[in-house]
Amino acid sequence: MFSKNSLPIISRYSILKYLTDYFHNMRDKIILFLGGVAFGTAAIFVKFCTITPPFITFLRFLIAGILLLPFMSKRRRKIILKRFILPSLFLSLHMLFFVSSVFLTTIASSTILVSTSPIFAMLFKKKIDPFIIMAILGIFIMNFNTSFGYIFGNVLAILSAISFAIYTYFLSRLDYDSLSIIPIIYLISSIFMIPVLPFYGLGDINPISILAVLGLVLVPTLIGHGSVIYTANKLPISLVTSAELIEPVMATILAIPIFHQIPDTQELIGGTITLISIYFAFRR
């Protein structure tokens, strides 16, 4: 039995522990939210660039990989490089298709369609969910009666989503610590762009493009991905995954005042259906 004097101590300890856990949980959620906001700047930085999509992809992964190398775990297992070839290939394709789509369609359409990668990941697992059908319906609405140029950009965005779904599949099969392999995957992904560069060239290299690429590396890549990695083991996986839906919302909002890209009715209706479908597919 506890003495009368011990009860207040236990009570105070319980309250203190509850408050500590509550504030830690809120802190992690705020970090995750800010990471989602950071992801939303990717398309904005890309749109400011006047260099070619392969060169943007090359620089993004090269610089990010070099910056993350010092943070690799020193106590890591032996790295077998050939295991990273396929995930790196599809990550580079994901980024190449995404950047290309930003230049050919609206930022709203590009980011919403790229965010459908979990839907394709579910299809690979042969799990036909009603929300997958709803998401596909939303994609159809977004592309209905759209000009050819925008449709081609939208197709590239969908290919980007498929590439990212394949990348996450191969990544899940690698039994390594995230901080140990992400720099390696980034660097290998940049190498895959080297054979592509002669066909596209470098584009117009100017101070704005250089700053945009640095912003692309710092904000969505390091801050965005870093926040997801940090919170992955601290918050429910459904919440962490759902936070990625902040990206198209934030990108669409930023594109309105910066590039005067106001979503039309099709984009709003189709995009809303798609994002809601993905959200509920996550929660199931």
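Heads up, the Cβ atoms here are built off N, Cα and C, so glycines get one too.
Automatic prediction, not curation, is the source of TrEMBL annotations.
These features come from TrEMBL:
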DOMAIN    30-128  domain 'EamA'
DOMAIN    152-282  domain 'EamA'
TRANSMEM  30-48  transmembrane segment
TRANSMEM  54-72  transmembrane segment
TRANSMEM  84-101  transmembrane segment
TRANSMEM  131-148  transmembrane segment
TRANSMEM  154-172  transmembrane segment
TRANSMEM  184-202  transmembrane segment
TRANSMEM  208-230  transmembrane segment
TRANSMEM  265-282  transmembrane segment
Within-chain partners of the transmembrane segment (30-48) [C-beta distance under 8 Å, separation at least 6 from its ends]: 56, 98-99, 102-103, 107, 110-111, 208-209, 211-213, 215-216, 219-220, 223-228, 230-231, 235, 239-240, 243-251, 253-255, 258-259
Arithmetic mean of per-residue pLDDT over the domain 'EamA' (30-128): 88
Non-local residues, at least 6 beyond the ends, that sit with Cβ under 8 Å of the transmembrane segment (84-101): 42-43, 46, 53-54, 56-57, 60-61, 109-110, 113-114, 153-154, 156-157, 159-161, 163-164, 166-167, 170-171, 174, 181, 184-186, 188-193, 196
Helix, strand and coil counts within the domain 'EamA' (152-282) (DSSP): 107 helix, 1 strand, 23 coil
Folded-back contacts onto the transmembrane segment (54-72), same chain, C-beta under 8 angstroms, at least six residues removed: 46, 91-92, 95-96, 99, 179-180, 182-187, 189-190, 193-194, 196-197, 199-203, 213-214, 216-217, 221-222
DSSP-assigned states of the domain 'EamA' (30-128) in counts, ordered helix, strand, coil: 76 helix, 1 strand, 22 coil
